[in-house]
Amino acid sequence: MVDRVVRSQCQFAGYLTTGASRRSFTYPSYSIVDLSKYTMAGSPAEPIDELEKGAAVEELSQMASSTKEISVEEIDPVAEARLLRKLDWIIMPMFTAIYVCNFIDRTSIGNARVAGLETDLGMEGFQLNYALTIFYVCYMLSDIPSNLLLKRFGSKWLAFLVVGFGVISMGSAFLTSYTGLIISRVFLGLMEGGTLSALVYIISRYYRRHEVVVRVGIFFGLGPSVSGAFGGLLASGLLKVADMGRVKTWRKIFLVEGRSIFLRIITTIFGIILFFIVPEDPSKSKLLTEAERKLAIARIEADQVVKNQGKKEETTWRLVYRSFSFITVACTFGFIIINMSFQGLSLFLPSVIRSLGNYTTVEVQLRTVPPYLVSALWAVGNAWISARIRRRWLPLLWNTLFGVIGYAISISTQNAHARYAACFLIIIAGAVVGPMWVIWGTDNAAPDTMRAVVSGAIPGVGAIGAVMAVWTYVPTDAPHYRRGNLGNLSTMSFMTVLIVIIALYIRNENQKRERGERDGRLVGKTEKELQDLGYLHPQFRYQI
């Protein structure tokens with residue numbers, strides 16, 4: 001008697017017969033059942049008796065139970081809440097600190113500029129703009145490859161990036177030439193390019209889709225806001241500190257801000273934390289018990305069309321190519337626009353504020369703090385609201401309108417108080433809209449390879465906006481920067497239209513899937529091909 005392959009189709013049959021259960025569809029699972037120990041009816045041997053029937057049925061029942069889909073209803077809410085709190089305490093403080101320091105490193109050059117960077121390095125004309133452009137080009141080129149390396153090597157790669165950008169930033173205090181500045185910005189861009197996308201990707205491996213928005217909103221929204229406020233406050237204090245040998249004026253900004261990152265984050269202890277405590281997915285976390293690891297995987301599986309017990313699919317060029325869906329491209333374009341607005345003002349905010357009055361260098365640095373503090377509070381509140389209403393397009397829309405109003409004020413009046421108020425609106429919009437674009441794109445990407453590519457592609461390709469931002473605030477347009485503000489007003493206005501277009505597309509596509517118009521994609525597919533469908537699977541629902 002040879003073994004017989006038995007196919008369990010109970011869930012698939014339920015999908016065909018019950019339209020309401022379409023969301024709980026999972027793929028048919030295949031298992032091998034040894035029937036050689038049971039006598040087959042109709043064979044020359046004895047007819048199968050009731051005892052043998054019972055044993056066969058029991059084995060099949062156990063097999064079906066072992067491959068049963070884990071649904072949301074089967075997860076203990078008390079244990080889930082306890083696990084969620086534990087994950088938050090492990091991940092969120094660390095990730096927020098990493099991104100705050102990442103952004104301080106990136107924008108400290110703006111504070112250094114008003115403290116004499118250009119004069120000391122003998123820079124003229126657009127040389128600072130060239131240095132900033134080179135940084136963002138390297139940032140852009142490194143993002144997607146960095147995330148694929150993260151998927152391959154795990155948190156070890158993130159630890160390498162964090163150590164790298166901190167050491168390079170601290171070394172910037174000892175620059176003596178424009179060439180040295182260019183070289184440091186090249187390597188800083190390569191190191192920082194993969195950091196944000198790595199943080200977003202790891203977050204998506206630990207939290208469910210509706211939970212991601214709050215977590216990413218906190219560290220992504222707080223990062224620029226807290227770093228902007230802290231960087232300006234620290235810079236104003238550093239300029240009052242006595243010189244330390246060759247380390248004078250702007251050099252103290254690079255050295256002390258860089259050193260604080262080095263001491264607090266880039267130490268060997270912190271590297272060990274990244275290496276061993278926060279791996280790229282919960283199945284390998286040493287801080288979770290075995291039961292917590294299983295629960296963490298079950299939580300993520302509950303959101304997936306394909307149930308793969310937390311295992312990652314093989315990375316292929318086909319999956320990488322298919323990652324660039326309409327939603328990914330649209331979200332990337334939106335990120336380019338907001339990056340052009342927010343990065344431009346972040347880099348040149350001290351220069352813009354200096355144009356508003358006869359302020360000293362220290363007063364300029366201090367006046368950069370309030371807009372970032374307000375945006376930090378709003379970033380957390382907006383993330384909470386978005387999670388509560390489970391919508392992405394509405395928070396995107398109303399925060400984009402804040403930016404539109406801010407730029408309209410900047411263009412329409414020369415009143416210093418009104419223009420300073422406009423800075424608040426623009427910084428608030430940038431601190432919130434940028435993270436929302438990344439969240440929206442990552443929410444609608446599956447399977448894991450596509451999520452890794454998308455979480456890298458949106459901020460990576462979106463760095464084109466930062467390259468453009470460098471040239472929106474040029475010396476020839478000072479002090480009012482009318483052309484830069486007008487360009488940002490136009491692009492932000494267009495972004496409101498883009499948000500509505502994406503929302504309508506998602507609603508239409510989800511309705512087609514509800515009606516079964518995409519079910520033909522399942523025909524003739526192998527199990528591997530069904531798993532690789534990801535967001536194209538008829539049972540996948542886009543997050544609007």
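In case you wondered, yes, glycine gets a Cβ from its N, Cα and C as well.
Automatic prediction, not curation, is the source of TrEMBL annotations.
Annotated in TrEMBL:
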{"type": "TRANSMEM", "residues": "89-109", "note": "transmembrane segment"}
{"type": "DOMAIN", "residues": "91-511", "note": "domain 'Major facilitator superfamily (MFS) profile'"}
{"type": "TRANSMEM", "residues": "129-150", "note": "transmembrane segment"}
{"type": "TRANSMEM", "residues": "157-176", "note": "transmembrane segment"}
{"type": "TRANSMEM", "residues": "182-204", "note": "transmembrane segment"}
{"type": "TRANSMEM", "residues": "216-241", "note": "transmembrane segment"}
{"type": "TRANSMEM", "residues": "261-278", "note": "transmembrane segment"}
{"type": "TRANSMEM", "residues": "319-349", "note": "transmembrane segment"}
{"type": "TRANSMEM", "residues": "369-387", "note": "transmembrane segment"}
{"type": "TRANSMEM", "residues": "394-412", "note": "transmembrane segment"}
{"type": "TRANSMEM", "residues": "418-440", "note": "transmembrane segment"}
{"type": "TRANSMEM", "residues": "452-474", "note": "transmembrane segment"}
{"type": "TRANSMEM", "residues": "486-506", "note": "transmembrane segment"}
Next item on the list: Find the average pLDDT over the domain 'Major facilitator superfamily (MFS) profile' (91-511) in the predicted model and report it.
Entry: 82
Notebook entry, point to check: Sequence gap of 6 or more, Cβ distance under 8 Å, 3 or more pairs: do the transmembrane segment (129-150) and the transmembrane segment (369-387) meet that?
Noted result: no
Note to self: Checking distant contacts: for the transmembrane segment (418-440), what same-chain residues at least six beyond its ends satisfy Cβ-Cβ under 8 A?
What the structure shows: 196, 200, 212-213, 216-217, 220-221, 224-225, 228, 327, 331-332, 334-335, 338-339, 341-343, 345-346, 349, 352-353, 356, 367, 370-372, 374-376, 378-379, 382-383, 386, 392-393, 395-396, 399-400, 402-403, 405-407, 409-410, 455, 458-459, 462, 488, 492, 495, 502, 543
